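To keep things clear, I will list the structure first and then write my remarks on it.
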Amino acid sequence: MTMNFVTFNQDYSYLAVATSKGFRIFTTDPFAKSYETKDGNIAIIEMLFSTSLVALILSPRRLQITNTKRQSTICELTFPTTVLAVKLNRKRLVIVLEDQIYLYDIQTMKLLYTIETSPNPNALCALSPSSENCYLAYPLPQKAAPSSFNPPAHAPPGNTHVSPTSGEVLIFDTLKLEAINVIEAHRSPLACITLNSDGTLIATASDKGTIIRVFSVPDGHKLYQFRRGSIPSRIFSMSFNTTSTLLCVSSSTETIHLFKLSQPSQLQETSSANTSSTGRRRSLSSLSQSPEREATEEDNGSSDLASRKHNGTLMGMLRRTSQNVGGAFAAKVGGYLPKGVSEMWEPARDFAWIKIPKPNQGQGPNANTGPLRSVVAMSSNTPQVMVVTSDGNFYVFSIDLSKGGEGTLTKQYSVLESNDRLGYSVADY
């Protein structure tokens, strides 16, 4: 049996594991198996909070919504190409294909909207767990340049979008069904994005993996900038804790970094200051527009924002909202130094870190010679970090929130063991 996919639910109280022989669901605190089926080769699994509703990808193009309590199928959907990711909250179901995103009303399973995207083979996409701030984030689609070559009439249509060359994030309101902002997060293409539980913060990382940035949502103010390291690394997973005071990041270095975010009161002050400065810039930008241009943009709305050219006035105005730097120190330094120099002062280092235990090389069904992939989350009840690795291990580490430093391994389990005793406490040994 091999592990195909692993994920936490929206509040990290459950862990879902898709395998070549069915799927398993565990509670995380205490760690215990709560449901198991041994049928089917499950490619992807997603839970809806702590409910019995589970979304499964049974074959590359087929989605099944299942009620585990009643052991019944609610509905099945088939898509034109391979399903790469599934996202859920209490309002929306999001299906990510390589060049499309489908939005459904989760109550009625009615298709609400289809988004055309740039090629997205890694299914970069984040859906807020919040029903109020119900935002979707994904890489900004980049239009293909017009071609002088006219294909024959019988030829299939070519790609309208190309792979992104920069790390811009589009914020889409899934309730209003319109794009509302573009955040210029990185110069390099994105590698990982995640939203917090309230839908008010987004963390981003590029394919270089050295700098992690946090922006406010939906306005796109840059609030924090963290340095993971100086050597490029692939970011596998990022997760806020439930109170949005910590950000946890895992990468191919097999070290997990924890970054501290300001307290809510400090965050509010920083956001207010940024909002004031942004308002001034928007007013200046508006003055430079002709009445015809301004009216046209108001009439078009923002639902077609993703398809606009990069040099559009509205797009430029939206982008500028992401350039504000949070923090009094950065604001003062930025006034005296060029942007490229001042940003060298900004990134904060981690306050705590975790080293993932080395697995036994070449052993187990999920053994491989590549980097150990990991998914991270933080417990909502205790200062603990939960880590699931691609070799099927589940670790729990304790963190000293006051002193920081290296986390301590306290528990270790296997999510692939078939017996009832799925693990042990490190304290027992």
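Backbone N, Cα and C atoms are what each Cβ position is placed from, and that goes for glycine too.
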Listed range which Swiss-Prot flags as motif 'L/FRRG motif', given the options 226-230, 286-290, 321-325: 226-230
Residues of the parent chain within Cβ reach of the repeat 'WD 7' (367-407), under 8 Å, 6 or more residues beyond its termini: 3, 6-8, 11-13, 15, 26, 28-29, 31, 234, 236-242, 246, 248-250, 252, 254, 256, 258, 350-357, 359-361, 413-416, 423
PLDDT averaged over every residue in the repeat 'WD 1' (1-36): 97
